[in-house]
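Engineer: Mind having a look at this structure? Questions to follow.
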Amino acid sequence: MAWWKAWIEQEGVTVKSSSHFNPDPDAETLYKAMKGIGTNEQAIIDVLTKRSNTQRQQIAKSFKAQFGKDLTETLKSELSGKFERLIVALMYPPYRYEAKELHDAMKSLGTKEGVIIEILASRTKNQLREIMKAYEEDYGSSLEEDIQADTSGYLERILVCLLQGSRDDVSSFVDPGLALQDAHDLYAAGEKIRGTDEMKFITILCTRSATHLLRVFEEYEKIANKSIEDSIKSETHGSLEEAMLTVVKCTQNLHSYFAERLYYAMKGAGTRDGTLIRNIVSRSEIDLNLIKCHFKKMYGKTLSSMIMEDTSGDYKNALLSLVGSDP
């Protein structure tokens with residue numbers, strides 16, 4: 001499924017609002033789970049992974065009102081490691097969480113370009129607007145200006161272009177003539193010449209609607225006798241290549257893109273826990289069920305089975321609770 005349709009697929013949700021919800025007993029359960037010596041991690045998992053983000057915010061307010069403590073700070077003091085990172089991620093309102101991930105990606109030692117590319121290429125215009133607003137409120141600076149300060153060259157240009165959200169056009173109308181012209185322009189900017197006109201690629205990939213781009217990719221393959229992905233791989237490299245390929249993947253099928261992100265977060269030695277946590281948390285109330293279906297189709301195993309193989313303890317249990325039953 002193309003990326004712009006993924007946001008309206010209600011059947012994709014794995015974490016739903018709890019029926020007959022009352023934040024006061026939930027807050028009390030969490031308080032008792034962390035009171036005194038030791039912590040009842042399972043009680044924390046049972047409450048926070050089975051409530052929607054809106055409900056978690058209500059629980060946090062009740063916790064503060066009843067016990068005079070900040071719930072997130074209390075969780076941080078009681079938990080540790082990857083489990084703490086996951087549970088704290090659940091407590092952020094969605095746009096503030098993504099703003100935090102972007103801020104951390106730029107302010108850590110060495111910029112994590114992959115995180116920035118993932119978020120900017122896969123969100124809609126309205127979501128990007130909310131993320132930018134949350135970023136400025138929480139960090140006192142402009143997301144666009146921080147990206148410009150932290151990246152350079154063509155990568156900076158494509159990220160700033162993506163931030164404008166110009167691809168978020170759900171119109172089904174496509175001008176065949178313009179699509180064909182764009183395909184010819186891409187061919188002329190890469191395969192046809194020695195060297196590459198990167199700005200032509202950036203302009204077309206980041207300013208055309210998703211429906212239009214799908215037609216462009218079809219026309220391009222007829223002209224070049226190779227896919228747009230193969231041309232990007234041969235014409236660019238590094239983070240710019242990753243950014244362009246991500247735009248193409250998200251345009252073609254957003255669920256497959258996230259399935260791939262989750263798979264490679266766990267494949268091979270070690271686990272990219274940041275990628276695993278971010279994508280499970282951020283997609284759990286949007287389309288994680290659909291991502292799970294694509295994951296199984298693409299890799300011949302379920303997302304939950306791979307989580308069981310690759311993680312352990314309370315961290316594993318919390319992830320599995322968020323992911324839900326197998327497709």
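Including glycine, each Cβ sits where the backbone N, Cα and C put it.
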Engineer: Check Swiss-Prot for me: it has Met266, Gly268, Gly270 binding Ca(2+), so pick out which one of Asp230, Asp310, Asp314 it puts in that same site.
Structural biologist: Asp310
Engineer: Relative to the Cβ position of Gly270 (Ca(2+) binding site), how many further Cβ atoms are located within 10 Å?
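Structural biologist: Neighbour count, Cβ to Cβ under the 10 Å cut-off: 9.
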Engineer: Please list the DSSP helix, strand and coil residue counts for the repeat 'Annexin 1' (21-92).
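Structural biologist: For that range the per-state counts are 54 helix, 0 strand, 18 coil.
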Engineer: An 8 Å radius from the center of the Met266, Gly268, Gly270, Asp310 Cβ atoms defines the neighbourhood of the Ca(2+) site; name the other residues of that chain inside it, in order.
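Structural biologist: Along the chain, the qualifying residues are Ala265, Lys267, Ala269, Thr271, Arg272.
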